[in-house]
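Lifted from Swiss-Prot, the feature list:
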BINDING   Cys30, Cys214, His239, Glu243  Zn(2+) binding site
BINDING   Lys274  ATP binding site
MOTIF     32-42  motif ''HIGH' region'
MOTIF     271-275  motif ''KMSKS' region'
Amino acid sequence: MQLLNIYNTLAREKQPFVPIEPGKVRMYVCGMTVYDYCHVGHARVMVVFDMVHRWLRAAGYEVTYVQNITDIDDKIIRRAAENGETIGELTTRFIQYMHEDAAALGVIRPDHEPRATDYVPQMLDMIGKLEAKGLAYQASDGDVNYSVRKFAGYGKLSGKSLEDLRAGERVSANDAKQDPLDFVLWKSAKASEPPESKWDSKWGAGRPGWHIECSAMSCTLLGEHFDIHGGGADLQFPHHENEIAQSEGASGKPFVNMWMHNGFVRINDEKMSKSLGNFFTIREVLKSYDAEVVRFFILRAHYRSPLNYSDAHLDDARHALTRLYTALKDSQPGGCAVDWDEPHARRFAEAMGDDFNTPIAMSVLFDLASEINRTGSTAAARQLKGLAGTLGLLERDPHTFLQGGRSDDGISPEQIETLIAARKTAKVERNFAEADRIRAQLLEAGIVLEDKPGGATEWRRA
């Protein structure tokens, strides 16, 4: 097993990772609420925790990876009504779109993708345990709420006391609650809501609150105490704080050993926001950029750092990834099994073992590319392909990548080949001015030509 230190949000420091069960890792990541297309922020969560999943496996662990799907909540009910369709029709469609986006980004499907609506009995069971322990109460409006002041550890993830939270956090005002920080476990049904959004319970018809969904699904699939829980930084409070209160309140055991949170996505140095009009779906981005470029761009930043999205940064990522593929295009590395005793691999593993430091790990890839360009080393090419593969990169044929690229270049492969043939004819006819003109025309269109021995010409997108 590779040595691994992870920044634990709960401890506010890097800590050695020691799995509860030797050689095995149980990991849960908060997934999508499926009522709309996935955006760039979702892409970061997908790719970051796919990277974590891949590295844990590469390090020799047997990983059970769970990422939930929220398929019932207020936004889903509202959107289905606006569209004139059932909740099931809406969520099934957007689950499919989510899977398509994740696959495009090279994300390995989690071992389990529980849907909230399939785990309502487990949620009701957990709520019943909380009520029996005096941690939950039914309010006058019919909702069942969690009493935060009854849980001694509330605030330990966010590092704030109840007084700090009451003073500084925006919480919903509700006269039926005993405390403004109390949160809903079971939402009482409204007459106007569709039947498919309601389940029977001893507290009356209703549906689960968002927070109880993750507690019930994670504990059901991974046990009441597991290794890693991840999600975006925006979920740290209140969602993850509330998960701890629910899960530890119900079981009386520690819930999660390591809490991981990826940083925010910023658009041109501003926070991504629909209200600012700087909100991009994954599908919009993939119209202009190859999906592997987007994955490379996300992994180029440390997962806890802010990620600044811009066309300029994506263009830089495209050029950088092109450098790596170019180094591999004339090599035949054969297999891609990594020699972990080799110096580059040791540096790569050391970086990944330091809280998944992908920027440093990726710098090792460029060192290998330089060695390949300098020496033509097949061993270096094999290391480059193998190490990059642990990040889900460089898994395609180099020529396929190099001749792909942006979909809005305005010049097709067929047009490129036609111009190359015309240039070859011009050279045979010793019309070198015309041959140079065609090369310049292609270069202006972002196409780089490389004349090979024997008269062949290869091309790639710049």
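Every residue number used here counts from 1 along the chain in the order it is shown.
Cβ coordinates come from backbone N, Cα and C, glycine included.
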Near Zn(2+): residues not in Cys30, Cys214, His239, Glu243 with Cβ within 8 Å of the site Cβ centroid are Trp210, His211, Glu213, Ser215, His229, Gly231, Leu235, His240, Asn242
Using DSSP, what's the helix, strand and coil tally for the motif ''HIGH' region' (32-42)?
3 helix, 2 strand, 6 coil
Tell me the Cβ neighbour count for His239 (Zn(2+) binding site), meaning other Cβ atoms within 10 Å of its Cβ, over all protein chains shown.
17
Per-residue pLDDT averaged over the motif ''HIGH' region' (32-42) comes to what?
96
If you draw a 10 Å sphere around the Cβ of Cys214 (Zn(2+) binding site), how many other Cβ atoms fall inside it, taking every protein chain shown into account?
29
